[in-house]
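Below is one structure; the comments refer to it alone.
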Amino acid sequence: MFFLAKVCACGEYVLGLVEAILDVFGSDPESPVSVGVRVLPQGYWYTVLYSSVILVLCLIVCLVGDHIYSRTAFAILLLITVSLLSIFVSSVVVKRQDFVITHQLSGNQTVRYNTSYTGFNATTLRNNLASGYTLDYSTNSVMSFATVFAVLFTSCTGIMAGANMSGDLKTPSISIPKGTIVAVLYTFIIYILLFLLVGATCERTLLTEDYGFLQRINLWSPFVTIGIYCSSLSAAMCAMIGASRILHALALDQLFGLPLAPAAITSRSGNPWVAVLYTWGLAQCVVFAGQLNAIASLVTVFYLLAYAAVDLACLALEWASAPNFRPTFQFFSWHTCLLGILSCLVMMFVINPVYSSGSIVLLLLLLLFLHYRSPTSSWGYISQALIFHQVRKYLLMLDVRKDHVKFWRPQVLLMVANPRSSCQLILFVNQLKKGGLFVLGHVQLGDLDALPSDPIQPQYNFWLSLVDKLGVKAFVDLTLSPSVRQGTQHLLRITGLGGMKPNMLVLGFYDSCTPEDFFLQDKAFCDAAVGGGTEGEYNFGVDLPSLQAHFPPVRHVESPRWLPPEEYVGMISDAIKMNKNVCLARYFFQLEGEGKNSKVDGSERTIDVWPLNLLQPGSRDYQDVCSLFLLQMACVLNMSNKWRHARMRIFLNVETKSDDQGWVADEETFRELLRKLRIRASIKIVPWDSVVQRRAPPDDESKGALSQHFLSAVNSMLVEHSSPAAVRFLYLPRPPTQQSQSQQYLAQVDAVTNNLGPTLLIHGVTPVTYTDL
């Protein structure tokens, strides 16, 4: 928006210069013959022609480089100073004069005005103090406060000229503040003196009917002519060179992609000549407006919106309490920022509501384009400072002592050994979190005492890039530890902050399956391997080929497992002791349709829930904490985007051959529970008398042993009833207290879930449902 303001201002200054030239050298519309120096023909297309010639002159200066512009600007400053001195001297020396002003109207009508230069006169000053807006003879429109403000404001828009050329200054942090403040004070004083001077010496008609009146009342009119020409030309060149620098910065940051890519090209001396050509071309379009006052409102609205954005940025930094934001201007505060924003927005709509609304719509469209294009650059995001400030504040307000079961949500720590074989599980758990915390945890084996530096820190960018690539809403937490079990304990204890800490540990299943390489299946990762990817986009130092090369190949069949079963079962026990829910995920490499580009809505999917502890047939409690936790997690999955239309089935295992018919009452009680919990699911009754009969004798069960026939029967029952399901939720028994039984425990769970398809074995330890209103 600031670039557009600069471009429009460049065209406006050129049109103003042409008007001043035609006032002196333009031919008299009443006379068919040129008189004296008034030789230039006038008209709309002639105005465009003269403006184009002047723009080419500005283009040549800007193409040569900023050093020529700087020298030219200093010479122009000296000439303008001489011109101003002549005006002040003339106000004292020149005596009273009478003038006749003529204007050519449409239809060959001529209007004449008689007016005077009175010299210093109290009556003249008093008559000029009140407002008296009249017809603007250059545009044939009635002026108002808003239109006059719009024209005047464009003469005060050089306040950011130094910031535009910050890259060309030796010490911008010193030069910009000093130069800006001195320039503003100098300009303010000059304008106030000029207002008082002309208001006390010129009649109102002279001021409103001849915009070049200063030439009439000067000792030697060429002084004013030279001053006007120099100031307009200087302002036009300043706007062009400033706009080109802004466009060059936009091109370097790659914000708008290919259309602006050529603007990043520079000459050997660093001059962005292509950006200058861009600016010149757009300014050439602006001069087709034909009149200065015709575009003054648009230029002012663009500038006000740009200044409001600068104020908003400073206000955001102040509110974010960014330590490195230390303005040298001592009178800065958030109050001045807010006042600046409000005053800019108010004046925009006072000047022209249509232009203001259109400029805001254009700004919103640019923001939407940037948001959906999602360019990533290294110059920092003010949103990150604001987010940090607000998140810290709200995390302090998130008091763990105020937790209530009504507002429980899963907060997951998913332990990942190698993302190459775990991407499907990562995508699935992303659907399972239901707006809760999702953390990817990884343990690297090692001892920091034996290493020269921490090997974990350089890895974060790779993991974060993986999260971006998969499109999941997850955090990453890595740790260095002598063992995976100790590292998992560390992560369970320290991951998260305040009330946002994991309450559920998810582990991949411990079996002998050969893991598959997801990177070889996903087209995006395959394209990265052959050189595709995000060329030209800032990626925090991680491109797709290096991302793929960072993670080691998946384990082969003959490769030994470096995680013993005792340690794996110990991780489950540790989590339960720490009051964390545990979930073991198996066969999720078979699950498809969880990617961010997938259109799956779950209408063809089924979710099966087996809430009974199948390894302890004697227990018929369908409403213990773990069973209710299974129901809750299945319901959470059913509410996610890719599973919202999936059918949920709940299987109740009953012994129908026994004389006790209590299972009928249990079924009715369970249906009532589902109604209270508002869980929509169909209930399937599964008789399993033949399965129960195969369990081991009581003396063997006391040792944790179950017969292989019983485990096979349970597995067959699950395969028979749940083979069509997309995912299954099973009750995970509590692990044994004795480490020697770890292998046996894993073998039992492995046998029950063998060839079952994507399955979650869950052991819940925290209450998650609430039936009271």
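Just so it is clear, glycine is given a Cβ too, placed from its N, Cα and C backbone atoms.
In TrEMBL, annotation is done automatically, which means it is predicted and not curated.
Feature annotations, courtesy of TrEMBL:
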DOMAIN    7-413  domain 'Amino acid permease/ SLC12A'
TRANSMEM  44-65  transmembrane segment
TRANSMEM  72-94  transmembrane segment
TRANSMEM  142-161  transmembrane segment
TRANSMEM  181-200  transmembrane segment
TRANSMEM  220-243  transmembrane segment
TRANSMEM  273-292  transmembrane segment
TRANSMEM  298-319  transmembrane segment
TRANSMEM  331-349  transmembrane segment
TRANSMEM  355-372  transmembrane segment
DOMAIN    424-510  domain 'SLC12A transporter C-terminal'
Pairs 6 or more apart in sequence, C-beta under 8 angstroms, 3 or more of them: is that satisfied by the transmembrane segment (355-372) and the transmembrane segment (181-200)?
no
If one takes Cβ-Cβ under 8 Å and requires six or more residues beyond its ends, the residues near the transmembrane segment (142-161) are 2, 5, 9, 12, 131, 133-136, 180, 183-184, 187, 191, 235, 238, 242, 292-293, 296-297, 299-301, 303-304, 310, 347, 350-352
Summed over the domain 'SLC12A transporter C-terminal' (424-510), the DSSP helix, strand and coil counts are 37 helix, 22 strand, 28 coil
Per the 3+ Cβ pairs under 8 Å rule, pairs at least 6 apart in sequence, do the transmembrane segment (220-243) and the transmembrane segment (181-200) touch? no
Mean pLDDT across the domain 'SLC12A transporter C-terminal' (424-510) comes out at 92
Per the Cβ filter (under 8 Å) with a sequence gap of at least 6 from its ends, the transmembrane segment (44-65) is approached by 10-11, 14-15, 17-18, 21-22, 72, 233, 236-237, 240-241, 244, 267, 269, 271, 273, 276-277, 279-280, 283-284, 287-288, 290-291
